[in-house]
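Below: one structure, written as C-alpha cells.
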Amino acid sequence: MPELRSRTVTHGRNMAGARALMRASGVPGADIGRKPIIAVANSFTEFVPGHTHLAPVGRIVSEAVTAAGGIPREFNTIAVDDGIAMGHGGMLYSLPSRDLIADSVEYMVEAHCADALICISNCDKITPGMLNAALRLNIPTVFVSGGPMESGRATLVDGTVRTLDLVDAMSEAVNDKISDADILRIEENACPTCGSCSGMFTANSMNCLTEAIGLSLPGNGSVLATHTARKTLYENAARTVLDLTRRYYEQDDDSVLPRNIATPAAFGNAMALDIAMGGSTNTILHLLAAAQEAEVSYGLAEMDALSRSVPCLAKVAPNVAKDRTYYMEDVHRAGGIPALLGELHRGGLLNEDVHSVHSPSLADWLKTWDVRGGSPSKEAVELWHAAPGCVRSAEAFSQSERWDTLDEDAEGGCIRSVEHAYSKDGGLAVLRGNLAVDGCVVKTAGVDESIWTFEGPAVVCESQEEAVQKILTQQVKEGDVVVIRYEGPKGGPGMQEMLYPTSYLKGRGLGKACALVTDGRFSGGTSGLSIGHASPEAAAGGTIALVEDGDRIRIDIPNRSIELLVDDAELTRREQALNGVYAPKNRDRKVSAALKAYAAMATSADKGAVRDVSKLG
C-alpha cells in the first residue's frame, strides 16, 4: 500500500523545520502528518475573463477540501488570454506557455510532496498545460474549470437583435457595411460575462474533453461560469479528490490514477467526442501532447481513422447550423457532454472499457448522467436545467436561472443522434499529401460543404502580418489559397493562431471563396476552409517552404488529401536552391531568449508541438 507522498516532509525529527513552516502557513499542527496534502492549482488572473472569477473559486475548493479531511495548499499558474494576445507578437507566447504551466504545476507538487491535485483551469493553454502535468505526475487528480461565458446579445441601431460571440467582434470590425455605432454595440455585448468564450472554441473544447477522458465531473465543460450550479461542481470536485486519495493511499486502488483513467481507450473516446462536436483543431495538438505525457501510443493515424467513421452530431459556434447558431449554454440544455457521449455510445462509436473519477464504468456514467437514455439521476436532470441569466456580470455563481424544458430533440436540436447527424463526416479531419507529408488538420464542421473540394493559386505569405496586410489591401481574391508559412512551433516560434486572417477573410466576404493553409494553427473561433498544423513545418524543411506565388494547390476533404500541383523535379530544384536554409524572407520579428529556448526543442505539430528533450543530450 503506497504511503502518503507528504510523509517525506511531515515525519521525522529531521523535518521539524518543514513542519514549522507548515504551521507558519496556517496548517494546524494536529493535521500535519495525519491528513493528505491536496495541491490546488488555480489559474486566477485579471487579464483573462475566463479566469477573473477564479480567486473565490480557489477559496471554495480549499474550504471544501478542508471539510472533506484534507490539507489544501493553493498556488497559481500563469494564464495567457489568446484573444488579447491575438494578432500581434503576444501570440508567440501562447503555445509555449502550455509547457511553462505544466512545469510550474510539476515543480510545486514535487517540491512540496503533495499527495493529490485539483486543477482549476479554464482557457486555451491552461487546461492542456495542467493536463500534461497531471499525466506526468500521476497522482490522484480532478479537473474543474471556470466554466463558459454566456453568449452575447446586441440590439443594433436598426432594432435588429443579434446573438454574438468574440469572433463576431473581430470579423465584423473589418466589414465596411457595418456602421461604427453598430460595431460599438457588438463590442460592448459580444462578451457579457466572465467565463471562457461562449462557443466551442479551444477552451470549452478542452474542458469538454477532460470530461470525456474521465478526469472531471459531468457538467465541467458546459455549466456556465455565472450559474450557482458551478459552485456545487467545485465543492463536489474537492470531495471527489479526497475520495480518490483515500482509495489510492488507504485501499491501494491505483485505478484512480490519471494514467489508469486516461488510457488509449479513453483517448479514443475523447477524440470521438471531439470529432462529433466539431471542436477546435487545437484539441488535436493538445491531445497528441497529453498522450505523450501519459505514455499512450495515440497519434494522427488513430485520429484520422476515427474522423472517417464518427459523424458530426453538434454544430456549435463558430460552426453554424442551417437554422441557427448554438452556444455552450445550448449544449448544456441538451444534456451536455454525457448526452453527446450517449449518442455516440448508441451508435456503437465508443469504447466501453473505460472509467472516470466519478463512475466505475461507461455504462454507469451514462445511466446516471445521460438525460436521453437510461435513468438519469435527479441531480443530473437538475444540473442540465441550469440556464443563462442574460445579465452582464463578472462574478461567478451570480445567477440561478433555469430552463423550463430541456432540448432532447435528437433529430433537429443542438445535439443530434447518429441517424440524424449534421453530416456523415465528423467535424475534424486529417489531410495528407505532398504539401503536408506528416499531415495537417481542418475543422470540417466550420467549412461550407460547397468548398470541401477546392483548387486555386497560392498567395504566399512569410508571416501572419503579411497575410493580414494582403487580405486588407485586396491582394487576396476569390479562389485564392493563402499560404502562411514559418509560423510553426519552431519557425514562429510559438505557432501563432491565425484568427485575424480568417476573420478578415470572413469580414471581406471571402469566407466561402478562399482557402488558407499554414504550418501555424487556428483559434477555436476559426471557421472556413482553414487548414493548419502543416507538418513538417517550413522551418523543419517541410514542402510548405517550397511553395511559390501562383502554384496551384488542390484540397480534397472527402478524400483527405492536400496536394501542391508542382512536379517533383521542380520541387527538388527549389529545395536545392534553398541550400538547407529554411527561414522567412524579409520578416522583421523580435524573438526573445525565452522563445528561442522553446524553438530549440520544439517538434512539429504532428507530434503535438511538444519539447524534444532528447536534444538536450
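Indices start at 1 and increase along the chain as displayed.
Cβ coordinates come from backbone N, Cα and C, glycine included.
According to its DSSP assignment, Ser523 (active site, proton acceptor) is coil. Spatially close to Ser523 (active site, proton acceptor) yet at least six residues away along the chain are Asp82, Met86, Val167, Phe201, Thr202, Ser280, Asn282, Glu497, Met498, Leu499, Thr502, judged by Cβ distances under 8 angstroms. Residues annotated as active site, proton acceptor in Swiss-Prot: Ser523.
Summarising the annotation, Swiss-Prot assigns Mg(2+) binding site to Asp82, Asp124, Lys125, Glu497 and lists sequence analysis as the type of evidence. Its Cβ taken as reference, Lys125 (Mg(2+) binding site) is surrounded by 29 other Cβ atoms within 10 Å in the chains shown. The DSSP secondary structure for Lys125 (Mg(2+) binding site) is coil.
If you take the C-beta of Cys123 ([2Fe-2S] cluster binding site) and look for same-chain residues 6 or more apart in sequence within under 8 angstroms, you find Ser43, Val48, Gly50, His51, Ala79, Val80, Asp81, Asp82, Gly146, Ser196, Thr202, Ala203. Residues or ranges marked as [2Fe-2S] cluster binding site by Swiss-Prot on the basis of sequence analysis: Cys123, Cys197.
Annotation source Swiss-Prot lists N6-carboxylysine at Lys125.
Counting other Cβ atoms within 10 Å of each Cβ, the lowest count among the binding-site residues Asp82, Asp124, Glu497 belongs to Asp82. Cβ proximity to the Mg(2+) site centre (mean Cβ of Asp82, Asp124, Lys125, Glu497, cutoff 8 Å) flags the following additional same-chain residues: Val80, Ala85, Met91, Ser94, Leu95, Cys123, Thr202, Asn282, Ser523. Asp82 (Mg(2+) binding site) falls within a helix when secondary structure is assigned with DSSP. Other Cβ atoms within 10 Å of the Cβ of Cys197 ([2Fe-2S] cluster binding site) number 31 in total over all chains.
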